[in-house]
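Peer 1: Got a structure here, written out as structure tokens. Questions coming.
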Amino acid sequence: INAAPTKEDMRVWNAVIMGPTDTCFEDGTFTLRMEFSDQYPLKPPNVRFTCKMFHPNVYADGSICLDILQRNWSPTYDVISILTSIRSLLNDPNPNSPANNEAAKLFLENKRLYETKVKKLIEEQIMNDQTLLDDEDEEKVEKKPPPPPSATEIAATAASTSSTTSEAAANAQESSPSLSSTNAQSGQNEQ
């Protein structure tokens, strides 16, 4: 479980929970958004999943049907207790108060198919996450600096630079007065 406020608004938090072990949710990483009103802690925060979910107590928009976020709210609940309750709800849904009728019906009538659908959704999310990571890696590869020059390129550049430097030094000596002649001229002006 991990949660932190967004940079834009201290009353809006992003959270991540891992699926409980030994459940059909165990390989999943689930993202949530928590919005705290000015009436918090007297009123519960608005909490919803921001990732796709298939669960009896999760609405299509990600909102969660959980008693502690509604009629059984207590000002003593903190962020960790809320997220811990949501994590527990993943494996222990209340199909008698469904937010997703299809998931509730499958959970009650064909738990194996329900678990298969949950696992499939998690696999899809993992694949999508991996694709995003691969895309980021490709962008990093494209932004890599050019490879270092070879020894031959370094030698050629050094030879070219040294001849150019010698020519520039010779030209500079011809066009500018030497230090001794400048001093001599300034000495003549003082007399």
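Including glycine, each Cβ sits where the backbone N, Cα and C put it.
Just so you know, TrEMBL annotations never went through curation; they're auto-generated.
Copying in the features that TrEMBL gives for the protein in this structure:
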type	residues	note
ACT_SITE	Cys65	active site, glycyl thioester intermediate
COMPBIAS	151-178	compositional bias 'Low complexity'
COMPBIAS	179-191	compositional bias 'Polar residues'
DOMAIN	1-127	domain 'UBC core'
REGION	129-191	region 'Disordered'
Peer 1: What is the Cβ neighbour count of Cys65 (active site, glycyl thioester intermediate) at a 10 Å cut-off, with all protein chains included?
Peer 2: 18
Peer 1: Could you put numbers on the helix, strand and coil content of the domain 'UBC core' (1-127), residue by residue per DSSP?
Peer 2: 42 helix, 25 strand, 60 coil
